[in-house]
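Colleague: I have a structure I would like to understand better, so I am pasting it below and will then ask my questions one at a time.
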């Protein structure tokens, strides 16, 4: 019998379409898997068993009625708990939204439902997407399926862990500084941050509005492309959404090739702080690309060294304003409403009780950076750096088709190791942040296991804005070449849970 | 010692800054599709965006931008080729996001002026600093206290129906040189601005309904001084009369403080209609830091020059110029025109003239009977349930002699009560002047027969006594007789010469 949970999304959809499997069978298999292993992994904050089964039954009925099914109809998905879901709790990993039931669906949620995707539940994350380990979740950390004592990346650690532990073949993440790509890298899965504006942010709880971008997570490049196509596209409810056709990502993923492409290796992403095994696998990837017919050149993007500093001014500044609405007056947690406190005091008490330490740290950083007298030195300068980084990318893309780098300087670190050292934690996003600042597209996909710890290493591919399809063309080629070399999917090497 | 207004002006030069907020009359809110209709159940006109729910995003109302540009053009402003919204960050329960989406250093319109005409016809130029777009807040209702204010209340209710309604804030440059006429200039400016907004058809600009709200900043300086004095900010002065009184009262108060050797503190003040004076509100111990930054959820607004020119070409005649033209056409004084303006009667009168009435008659009915009725019922003239066409018809009936003024008033009353058109009211109430000689003759005979003593006096030559008989005829005909003809017939019957 087929092991349903090991199928790719594309395979699952095909089997449902041809009647080999029913959507209900597929959904039940994944719910059973969640039941069996999520106690250890803690990928989900909320499992919507009834909603998922109802959606699956609808798909089976549609098929029985002879209706045409979409490319992902009946395929289960794990949704990051940052997207609003009508009638289903949405916490953003924070106590401040505990118990809140949104009255509306995010655009992404709507599109998934319209595509007959089965949403299994909501996945764990760093509170308000602030973090690189999912340890900042108010509901406890998530384990990395490769080693449960290690972090699954963050902020979207719940989504990456759900994929790596076969609790879902598809997941959705959001990427503000690397929150899709870094979790993908450390769990041996695929994650894509589309071009800024490619996926609607409506109903995606804001952390840093000018950087946040939702994107697909999967175990294969093709699956990511199928999901990308379903979730992307112009949305009139999001003014920053791009009013242009979705790049042909599925076609690209089906036609992987690097022959004749010029690929740039970013010189600045190397050196101190980069784990030897990570660089070894990265260098092997470079050799592989050459073997596949690509021309690989070194490019320099000098401003990238300032990206982290700029990011930690812009993101906290925007977050300090975005999170002001959580005041205990309209929804979510309310503390101190006992008749003895004013509204202002209730707001203070609620925010004190409802926000975790990292969120408070960033609100304070951002409030300070935007203050009168400091704005030009901090927020203003950071915006200038942002422009320089964008120019570095533009210059590089005049010469090459895509850029590559390690996704993250190290493999998954142990839970707790960097919890008290914010700077060390921030370094996990060193290679991913420039793409958020510039708004272009980037992917992480597995390129092997680091010899020293046997943990997955991610290869990052970066494409110019609106050229998301290049990620899939290159990614599919690399994936196929590695699969041929390894003889099996990398995740097969993960220990049984 | 109390300083009189005159004393104050003898020693100081007032400097004013006026900030006017106008609620636009768009159908939907500034950043979402909710209706702007306010007379609804609390929080019924809300959605995720204007409630600031997690994840919700704003989308700019294009009509809001268009209205802002029209206002900017009418105020002779430059229109920005590129501008952005900005977030003004501060916590307040009636603001769902705890920031107001506004504009900061990149307003849509800037650097303009508005010429205002004072009572004596003099034209005073008020320079405009900027006009920018922003959103309104919700409303708090404080329950359980004696005053309805937050102090002493047991709890507060929040209604977000108003949250997100588009506002245009229009800020003047410092107004200097008005001297003792400062209160009049302030009032005339707000009045002129209101007329302008109405003429542009972007808002009904009703101050009593909060559709137009004025903040008055005022300071005094010694003549010839180089720096302005410290200002006070009197918030939400919401009628033309109050604007004038607030300026006057603040001038006196500042002078009193300064003459007493005191210093003016920069603070927010509240104006009280009952006393005509202001009291201290919140003292700004330190400048409030709103941490403005460009709104990342919205794209910049970049109105094309073609669009701006198209809007410029479509601007209506400016109210001041229109008033001067009409005043000449109607042949009335500046003062009479001011009364017409204050009554909000220009539009109705023009429409009534367009419907065929002559200017004097149109003005007479709107400024008389109808203005009285509007006053009594507390509505604007334009809101009365009578159309200019109906008023013109009444005027025509008077003109042709079918109605006298008294009957005409009754006809209008009937129309206002919803009894139908003027002709229907005339018919239903039987309000035609009685010209039928037979009916009138009978009434005359009856009056003479019923009042033999008076009839004798008239026969004996006391002709003025005939008035009492005319009165009897009018009474008998319920006012519908042609009084002149009745008098003629009475004298004829009694054989005396009128």
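For all residues, glycine too, the Cβ spot is worked out from N, Cα and C.
TrEMBL lists these features:
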type	residues	note
DOMAIN	A:25-471	domain 'Amidase'
ACT_SITE	A:80	active site, charge relay system
ACT_SITE	A:155	active site, charge relay system
ACT_SITE	A:179	active site, acyl-ester intermediate
Colleague: Starting from the Cβ of residue A:179 (active site, acyl-ester intermediate), draw a 10 Å sphere and report how many other Cβ atoms land inside it.
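Modeller: So the number of other Cβ atoms within 10 Å of residue A:179 (active site, acyl-ester intermediate) is 36.
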Colleague: At the Cα level, what's the spacing in Å between residue A:179 (active site, acyl-ester intermediate) and residue A:80 (active site, charge relay system), rounded?
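Modeller: Checking the Cα atoms of residue A:179 (active site, acyl-ester intermediate) and residue A:80 (active site, charge relay system) gives a distance of 11 Å.
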Colleague: Give the three-state DSSP assignment (helix, strand or coil) for residue A:80 (active site, charge relay system).
Modeller: strand
Colleague: Tell me the Cα distance separating residue A:80 (active site, charge relay system) from residue A:155 (active site, charge relay system), rounded to the nearest angstrom.
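Modeller: Given the Cα positions, residue A:155 (active site, charge relay system) is 9 Å from residue A:80 (active site, charge relay system).
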Colleague: Taking DSSP three-state, what's residue A:155 (active site, charge relay system) in: helix, strand or coil?
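Modeller: The three-state answer is coil.
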Colleague: Would you count the other CB atoms within 10 A of the CB of residue A:155 (active site, charge relay system), including those on all shown protein chains?
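Modeller: The answer is 34.
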Colleague: Over the domain 'Amidase' (A:25-471), what does the predicted model average in pLDDT?
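Modeller: Average per-residue pLDDT within the domain 'Amidase' (A:25-471): 97.
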Colleague: Sequence gap of 6 or more, Cβ distance under 8 Å: name the residues on the same chain that satisfy this around residue A:80 (active site, charge relay system), in order along the sequence.
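Modeller: Spatial neighbours, sequence-distant, of residue A:80 (active site, charge relay system): A:122, A:123, A:125, A:156, A:158, A:159, A:171, A:172, A:173, A:174.
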